[in-house]
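The structure appears right after this line, and notes come after that.
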Amino acid sequence: MLAAGAVGTMQNRSERDTFADMYAGRLARLWAVERGLVFGRLDHSDEGRLYIGKIGLTDDEQQRLLIDWRAPVAQPFYRATSTAPMGVTRRRHLQTKGRAVVGVDDDLLDLDSLTDDDRATLNGEAALLAALDERRTGRMRDIVATIQSEQDRVIRSDLNGVLVVQGGPGTGKTVVALHRAAYLLYTHRERLERRGVLILGPNLTFLRYIEQVLPSLGETDVLLSTVGELYPGVTATARDRPEVAALKGGLRMAEVLAKAVRDRQKVPRQPIELTVGRITLTIDRSMLEGAKNKATRSRRPHNQARAVFVRSLLNALARQQARKIGKGLIDDEELADLREELRTEPVVKAALNRLWPYLTPQRLLLGLYGSADRLDHAASALTPEERALLRRDGGQWTDADVPLLDEAAELLGDIDEHVLRASALQAEEELAAARQAEESEREAELAYAREVLELTGLSDVMEAERLAERQRGGGPYLTTAERAAADRTWAYGHVIVDEAQELSPMAWRAVMRRCPTRSMTIVGDIAQTGSAAGARSWAESLDPYVAGRWRQERLSVNYRTPVELMAVAARVLATIDPALQAPTSVRELGVEPWSAPLSALPELVKAEVGEGGKVAVVVPDALLSTLGTEITAAVSGAVVVSPEAGRAKGAEALDAPVAVMGVTDAKGLEFDSVIVAEPDLIAVQSPRGPSDLYVALTRATQRLGVVHGRPLSPALQGLASRSNGLRPALQPPVRPAPPAET
Ligand SMILES: Nc1ncnc2c1ncn2[C@@H]1O[C@H](COP(=O)(O)OP(=O)(O)OP(=O)(O)O)[C@@H](O)[C@H]1O
């Protein structure tokens, strides 16, 4: 298509582009599923043989060659057992390298047909254990070949309603949620392709970690985002202290914002005098009250109610003007003429802007944070100490600000497009004028113009404008996910929230707005809640929206952390709440967790790197920069993930041999080897510190150590000590039996 070049009529060209896009998409999808394209075979007692793979394929005669794993006929591959064989006599797992089969592993489900030899070599779990033992690459991989039955139930659960998937660390919640997205897109293609699927994750590094999974399943059009990226045009680059995040995340902020908007609709005590030409007009209190009442009764959001306010006030002023110039009673037409004349008078415009300003969410929020007076008024329901926590001048947006911006956008409503365009143009003109100014003035003016754009949120408006232009003007084709990402009011067909226990009540409001049909999958573990504003129970988070209408599935088997490591984590879990149950690990490796002095950290990191695989050092937030510097100086290629790091840094950390990070950035990730520094400092760094420690201790797939200067708490005492590069008590790992020969 591309070689044909851009020739012919406009229609020809546009057809060519459409086909080129379509083929490119198909090609990308086929490349993405190349690894492990076919991984299973089902032998049925009656229907013969079916091959199961990542996508469905037919030959030129439309004969089925490969069944998509999501198709209903593929279900026995995941669900059949020897007690309920679902018509299957044998299930075969195929391991491939490139296009060659390198191993097979059979489950014989019809036990009567087994020979004695079969019985001796039968090992149904070999494929799973082989997959779990593989070294980590820094990116999550799909698990289509080894989905377990309890996971399959979650993946194929009905599209409608809210499904909560509760499970301990490593139970596959994330990977299962991603496979569910692929399954739902396959089964409800028509509905979901149009409305899109949104997946929310806890941080940008995590999004990088999971971003390959859906493309590898042939699905490319899903939007991955964090709550901090949910508001188009704003990127949260800072993190609030726990007490500030907790305050901003609380529902009281909804009322504070509503009040802050009302406070911007002013009725001054003193009348306002305006000189228009040779006469003086007066805006008095009763005119203002009347206009404000009409605007409030219109029940429109602030920026749209402004039109009602302005019209009412201009009518009153026009009548006053008519009286003053001796016209007495005027008809509607004359009234309209006078009103339009007044509308363009600079003094009138300025007065209207003071009385009922157009507001962007950014301007409202910064205006509130930036003024102690405004805070005292709007946030009178908060204590003085709480109000002080909100005070700030400018600065970067934080994750906790984003749901507040979203809430403000609801209260304010959109600004008329022509007003936006005019203001954006004006701001751009100011910028251009500043560029031409004298060198000495230039810097200051430029900075000012930029600040204006930034503070008023017009920089985003212009972004949005450009995007709208792309959409209108036949620019590059936008996918559903791209269009949805740019539109704050987009209603998704399905929303998946991962690490959902971290969402604050204000964040839930923002998420629920994006899914009016409430078709959602909520994935998380209440015991891992780290955010001070996060959930203490699913009911507390969800009942305000779907009371009695959400269903829960539990995942109980840990596929990540070996038994030896999980035993340590379980002791920490018991300190949070003795009633909490750690998931059961599926593997035993014979490698004991160890402890060592903090001073040995750089040496131990080197030793771990020497053993191979990806290494993470999880540290208390307060020590991130010192320990980060120490490790990057000692180990080449080590990368520190700081809260400000964007997606690029996150990806760098995943690819590095060693990554140093706080617990918030380690959420949802996994590494071959993990060293937790000063565990007891992690446990006290925030009110949810013990949960943070539990998260840190459950990130490893193979090896775990702790280094400490402070005494260890009882839960961590008794670990084998390791002060040099040597690993204590290394025992030969218990390996599963080799797969059956065929
Ligand atoms: N059926 C399976 N086959 C192969 N690997 C699996 C299977 N289920 C889970 N895993 C692997 O187990 C690991 C943990 O999965 P995942 O990260 O989804 O767990 P999680 O429940 O989200 O954990 P956490 O709550 O700690 O973030 C991943 O490496 C995943 O690929």
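Positions of Cβ are set from backbone N, Cα and C atoms, glycine also.
Automatic, uncurated: that is what TrEMBL annotation is.
A quick note: this is a predicted structure, and the numbers were derived from the prediction, not measured.
Quick look at what TrEMBL annotates:
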BINDING   Gly167, Gly168, Pro169, Gly170, Thr171, Gly172, Lys173, Thr174  ATP binding site
COMPBIAS  730-742  compositional bias 'Pro residues'
DOMAIN    146-562  domain 'UvrD-like helicase ATP-binding'
REGION    718-742  region 'Disordered'
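Only Pro169, Thr171, Gly172, in sequence order, out of the binding-site residues Gly168, Pro169, Thr171, Gly172 have a CB under 6 Å from ligand 1.
Cβ atoms within 8 Å of the centroid of the Cβ atoms of Gly167, Gly168, Pro169, Gly170, Thr171, Gly172, Lys173, Thr174 (the ATP site) belong to the same-chain residues Asp525, Leu555, Asn558, Tyr559, Arg560, Pro583, site residues excluded. Non-local neighbourhood of Lys173 (ATP binding site): Val165, Gly167, Asp498, Val523, Gly524, Asp525, Leu555, each in the same chain, at least six residues away, with C-beta under 8 Å from its C-beta. On its own chain, Gly168 (ATP binding site) has Asp525, Ala527, Leu555, Ser556, Asn558, Gln581, Ala582, Pro583, Thr698 as residues at least 6 apart in sequence with a Cβ closer than 8 Å to its own Cβ.
Per-site Cβ counts within 10 Å over the binding-site residues Gly167, Pro169, Gly170 peak at Gly170.
Taking Cβ-Cβ distances under 8 Å and a sequence gap of 6 or more within the same chain, the neighbours of Thr171 (ATP binding site) are Leu555, Ser556, Val557, Asn558, Tyr559, Pro583. Computed over the domain 'UvrD-like helicase ATP-binding' (146-562), the whole-number mean pLDDT of the model equals 84.
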